[in-house]
Every structure is written in structure tokens, then in C-alpha cells.
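Novice: Annotations for this protein, taken from Swiss-Prot, read as follows:
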- Glu421: active site, proton donor (ACT_SITE)
- His36, His273, Arg367, Ser394, His472, Asp480, Arg531: substrate binding site (BINDING)
- His76, Gly125, Pro126, Leu127, Gly167, Asn196, His273, Glu421, Phe448: thiamine diphosphate binding site (BINDING)
- Asp166, Asn196, Ile198: Mg(2+) binding site (BINDING)
- His36: site 'Important for catalytic activity' (SITE)
- His273: site 'Important for catalytic activity' (SITE)
Amino acid sequence: MAPKTTLIAEPELVSKSVNTIRFLAIDAVEKAKSGHPGMPMGCAPMGHVLYDEFMRFNPKNPYWFNRDRFVLSAGHGCMLQYALLHLSGYDSVKEEDLKSLRQWGSRTPAHPENFETPGVEVTTGPLGQGIASAVGLAVAEKHLAARYNKPGFEIVDHYTYVILGDGCQMEGVSNEACSLAAHWGLGKLIALYDDNHITIDGDTDVAFTEDVDKRFDALGWHVIWVKNGNDGCDEIRAAIEEAKSVKDRPTMIKVTTTIGYGAPSKANTYGVHGNALGPKEAEATRKNLGWPYEPFHVPDDVKKHWSRHIAEGAALESAWNAKFAEFQKKFPEEAADLKSIITGELPTNWESIFPTYTPENPGLPTRTLSHQILNGLGDVLPGLLGGSADLTLSNMAFLKNSGDFQKKSPGERNVKFGAREHAMGSICNGLALHSPGLLPYCATYFVFTDYMRAAMRISALSKARVLYIMTHDSIGLGEDGPTHQPVEHLASFRAMPNILTLRPADGNETAGAYRAAVQNGERPSILVLARQKLPQLPGTSIEGVSKGGYVISDNSRGGNSKPDVILIGTGSELEIAARAGDELRKEGKKVRVVSLVCWELFAEQSEKYRETVLPSGVTARVSVEAGSTFGWERFIGPKGKAVGIDRFGASAPAERLFKEFGITVEAVVAAAKEIC
């Protein structure tokens, strides 16, 4: 792609532009009476050089596919990004938006949120998440470029820029992700490290004395040090130009800055990190930096200089659209695939890949069924890619017809994350938020979601369609014992907003779970899968899963009859509920068996539908699930019984564990007899 037409302002105008950014941050935080002014004040030169001189974007179409991506990993410094979006001409950040920083219903929340503010690529705030998500954005660019670019057609060609701080560097997720970034040779990932040596607890000397340069050199990054980040725009510019010349590895530019630069008494102190300057210090800063303007004022010459980005951005997108039109004519199949990734449009008849299972089919673990369906989807969804945290064969989460995404084979679709669960989740967030039609999946044992929960929460908050394939879902994994046996995990994820927790029982339900995950484009999904072999049950269906809960058998239907008891199960325990129902029916009981495969989807159904599944007139209800009983009272009511596990597991064969913990047909039958 041709370089951006760069108009470097005269030094005096550059200085005025940088101070405009600083004072927009100061003024917004003052008005909000809370916030983080120090980081934007110190990083304003970085922001100016990046947005004004290097980044390619169209302010009037924040979602133009081939734009450069920017991630503010130090998300508390959000006013840096909001000021840059405002100056660049984004409609999402007008003056009134700056004035409503951190207020109810504003487009300028306390930390950048991709779903609130067009121009923000990923949600940041928890330190380290931003740089890790940025690795995902850079993976997306490298992968799509390898698959779709042709000689003369560099359709996918953009950079990912990040600003991160000392806190991000301390978080383990950043090191996990940066290790992978170097391993994969992400040459279009450029990170600028705000080296200001201040944390909330004081100087970084209290807890952070490592040599960051040497660490990143050891990881395999190209490292540059800009010693004067306070007003050294020329040095920052030269560093970014050098970084762009390095094609085979990511670059970390350490930029030494002064937090709160320009504030006479608060600069270089932790007091300017997370507090407004206060009226006196704000006024003193105006005098110190020679800023005579009223709050929120953008000088005319600064406004005029930045206004060119609107026309330049439109021209960049127009040129790309023309090139893509040529690409479509010459490479129609590749263009169609790429267009589906850009738009998120699902191909016609994509659901035809889902098999239908009957009780005559052999029983299989749901992780094996997942593998079959995942590969079927891989054949029809060009944006599907992902992998496992060093458990590929155990999770069975790989595409048979693809090789491994590596530095020298970036067009392949199997991603080996190594034992880095946290970074895996964050990288998948970046992949999902790069393009609507990218569908990243990642896999590990369900219990190890403890290592990646922060990333999964960001998935849910960001409306990122990430597919979490979580196997070994209960004591059913057997001898590995309580460290590997999830107990509380289902309950914890069911409590998390905007994420689907799907625990299928057999082939039909596994297919239904994948269908729901693909169709829900604005939330992640967790497929909770069993290691042990499970039968194909009568009465299960793909369509039933879409409703979250449904009846798989009932011998009371007809006339005004109603069941004596309702048995509710999920996953591997749905078979136990079904068999318990058969036993009770032999004794003359009218029994309904319900699969509650996804609580979230069931809660979204109409009250009328939910009543057809769990009629309020039937209070005798028993749930069975090999996990915590927490939350089941919502469905079984005050008169119901919950069969589950409210302690940690143990090391023994699975069959013995189910017996010892009372997750059996006999236990369900006994519980039912107590209440009906």
C-alpha cells in the first residue's frame, strides 16, 4: 500500500497540537472531577505523531476494513484517545462528548469501550488486556494478508499500534502475548511504551526494577529507546519510521516521559495519575505551558491542520475500494471469501453441515463430536481459526485440513498458543474485533478458565464473538483429580452477563450449541464438553438448543394431564435424568425430562414458552448436574431438589467418582420420590 501522504506541521504548530491534546485531557477530567490526566499529558507527543503523521484511517467511516488499528492498552488514559479522535474528525467524539467524560450515557466512558465509541478498536482498562488484544489484531492482519493478497493486490495491509504503560508491562498476560507476537514474527505490530516510572503506589522502584529493554530483546522484539518523550516528536517520528522498516518482528519503542508533564507541582508524582489536577494546578499548568485558551478550545490553526484527515481518509478508502473492485474481477472466489469476513455475512446453507444423530448412532464424547462439527464449519466459514493452550489433541480443537499458523506459514488456521491461557483469550478478542466474519476459537480444560477469566469477561463486555471450547467438564475426567475437575465453573459463567454457557449432552445438542455460537454475533459462547463417552439420546434436537431448554420426553402429555415430577439435566447428566425418568415411569409416575442446555438462551424465551417447558403448576422438580448446585433454585423452586457437587472432587476413576458423589440414577430417583 502506498504510504500515507504526511504533512508534518511546523515545529511551533506541532507544539501547539501536542498542548491541545494535553489541555483537552486536563479540561475533561476537571469537568468530570475524576479521571486520569497524567498519562495523556505525558503521552500527547506520541499521540500526535501517531494519529497526525502515520495512521491511516477514515474518520467518517471508523469501520473501513483496511484502516490502521490503534489500541490504548493503558486504558485509564482514555482522554488521550478521545482527544485524538476529536481532533481527527470522528463524529463519535464531539466537544459535548469530551464535556461528558465518565458520565451516564456518554460516548466517552472512563476506559475505552469499542461498543460505545466508534474509533475505539478494543475495550481496555484491565492492564495488559490491550497489548494482548492488539496481538490478536496483528495476527488477523498477517493471516488475512497471507491468504488473500496477490501480486499487485495488497488488499490487506495495515499496522497495529499500541500505547502501553508500566502497569501493562507488569501484568503477566502482556508477557504471554508479547512472547507469541515475536514467535509469530508480527512485523506490523508497533508498541510504544510510556516509560514514566510512576504507579499508584509511587515510583516503579517499589515493585518494578527489571530491564524491560533486555526482556523484549530476549523475547525477540526489535527495541528502540526514545529518551525524550516529553517534546521529542522528531525522535518519536524517527523511531516509528525505523519500526516500520523492520518486517520480521514486532517493535517495542520505549518512550521515556514525565507523567503530568507541564503541571508545576504534580508532574512526575503519583498524585497526577488518577486525580484531577484541581483548579489551581490546572491554571498553573496553563501558565507554565503558555496556554491562554478557555477550556476545551481547539485553536484555529490546529483545527485546520487536523481537518485534512477527513478528506485524506475518504481518499484512502476510495482508493482501496477501487482496488478491491479490481480484485473481485480477477479473483472472484477469494474476494467473496474475504468479503464475508469483512461483513460477517454467513454463507447460504451454512447450516447444512450439521449432522443429525439418532440413538442408533454410537455414543461418543462431546469433545469428539465437537471436533467433527468444528471441521464441518471450517469447510464453510472462511473466517474460522483458532487453537488450544497446549492441549490440542485432548481438546480435539483443530482443523484437519489446515496446517499451523506460524511465522513462515501465516495463512494456516490452526493456532498453537502454548500454555498461555490468558493471552489466548485476549488474542482471540483481538481476532474477533478485527472483522465481523472472523470467528476465533480457543480451547483448554474447563477448569483452566481460571487462568483466562479476565479475557473472557472482556469478550462478553466487548460483544466479541469468541468461541470457547472447554473440555473435561466435570469429575467425569476421572483420575486427574480435583485440581483438574471443575465444580464451581458453570455457576460462575452463568453469572457473567452477555456470554452463552452451553453444555450439550450428545451429538444433536453439540451441533445446536455450535449453531447458537455462530449465530450470536455479539457475544461469546462457551461450549462445555465431556471427555467421557455419552450416548445419543432420544428426543434431543438442534432446534431445542436454540431455545436453551426443552422437553426431551414426557409420558404425561395429552388432555389435561400434567407430570408428577420434572427432571432437569445438562450435559453428561441428561442421560442420568433420562434413565431416572424411565425408572420412575415403571412405577407409574408421570415424568417430564428437560434439557436445560443453556440458561441464558432459555431466559430469553417468552414467558409463554418457558411455561410450556417448566409449568409453574408442577413444583416437584429435580435437577442433576455434576457441578455446584448454586443457582439451580431458580429452576427447581423452593420445593425442588438439586443433585450436584458442592465440594471439590477427588482422584479416582470416573465411574467411582459419580457413585461416591451421588450423581447417579438412583440418587435422582430417590430425590424425586421425596417430593412426589
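One is the number of the first residue shown, and numbering goes on along the chain from there.
For all residues, glycine too, the Cβ spot is worked out from N, Cα and C.
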Novice: Sequence order is fine: just name those binding-site residues in Asp166, Gly167, Ile198, Phe448 with a Cα within 10 angstroms of Glu421 (active site, proton donor).
Specialist: Phe448
Novice: Of Asn196, Ser394, the binding-site residues given in the record, which has the fewest other CB atoms within 10 A of its CB?
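Specialist: Among the binding-site residues Asn196, Ser394, the lowest count of other Cβ atoms within 10 Å belongs to Ser394.
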Novice: 10 Å Cβ neighbour count around Asp480 (substrate binding site)?
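Specialist: Step by step: centre on the Cβ of Asp480 (substrate binding site), count other Cβ atoms within 10 Å, giving 15.
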Novice: Could you tally the C-beta atoms, other than its own, that fall within 10 angstroms of the C-beta of Phe448 (thiamine diphosphate binding site)?
Specialist: 21
Novice: I want to check the contact list for Asp166 (Mg(2+) binding site): same chain, sequence separation of six or more, C-beta distance under 8 angstroms. What comes out?
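Specialist: For Asp166 (Mg(2+) binding site), the qualifying residues are Asp194, Asp195, Asn196, His197, Ile198, Thr199, Thr204, Phe208.
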Novice: If you compare CA-to-CA distances from His76 (thiamine diphosphate binding site) to each of the binding-site residues His273, Asp480, Arg531, which comes out shortest?
Specialist: His273
Novice: Give the sequence-ordered set of same-chain residues, not counting Asp166, Asn196, Ile198, with Cβ within 8 Å of the centre of the Cβ atoms defining the Mg(2+) site.
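Specialist: Residues close to the Mg(2+) site, other than Asp166, Asn196, Ile198: Gly165, Asp194, Asp195, His197, Thr199, Thr204, Thr257, Ile259, His273.
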Novice: Using Cα coordinates, what distance in whole Å links Pro126 (thiamine diphosphate binding site) and His36 (substrate binding site)?
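Specialist: That comes out at 14 Å between the alpha carbons.
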Novice: Cα distance, Gly167 (thiamine diphosphate binding site) to His273 (substrate binding site), nearest Å?
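Specialist: Cα-Cα distance, His273 (substrate binding site) to Gly167 (thiamine diphosphate binding site): 12 Å.
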Novice: Taking His76, Gly125, Pro126, Leu127, Gly167, Asn196, His273, Glu421, Phe448 as the record's thiamine diphosphate-binding set, what's the max Cα pairwise distance in Å, rounded to a whole number?
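Specialist: Result: 35 Å between the two most distant Cα atoms.
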Novice: Restricting to the record's substrate-binding residues (His36, His273, Arg367, Ser394, His472, Asp480, Arg531), give me the longest CA-CA distance in Å as a whole number.
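Specialist: About 48 Å separates the two most distant Cα atoms.
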Novice: Measuring Cα to Cα, tell me the gap between Arg367 (substrate binding site) and Phe448 (thiamine diphosphate binding site) in whole angstrom.
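Specialist: The Cα atom of Arg367 (substrate binding site) is 16 Å away from the Cα atom of Phe448 (thiamine diphosphate binding site).
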Novice: Rounded to a whole number, how many Å is the Cα of Gly167 (thiamine diphosphate binding site) away from the Cα of His36 (substrate binding site)?
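Specialist: If we compare the Cα positions of Gly167 (thiamine diphosphate binding site) and His36 (substrate binding site), the gap is 14 Å.
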Novice: Restricting to the chain of Arg531 (substrate binding site) and a gap of 6 or more, list residues whose Cβ falls under 8 Å of its Cβ, or answer none.
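Specialist: Non-local contacts for Arg531 (substrate binding site): Pro365, Arg367, Thr471, His472, Asp473, Gly476, Leu477, Gly478.
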Novice: Looking only at C-alpha atoms, tell me how far Asp480 (substrate binding site) is from Phe448 (thiamine diphosphate binding site), rounded to the nearest Å.
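Specialist: With distance taken Cα to Cα, Phe448 (thiamine diphosphate binding site) is 13 Å from Asp480 (substrate binding site).
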Novice: Measure from the CA atom of Phe448 (thiamine diphosphate binding site) to the CA atom of Ser394 (substrate binding site) and give the result in Å, rounded to a whole number.
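Specialist: Pair distance, Cα basis, whole Å: 13 Å.
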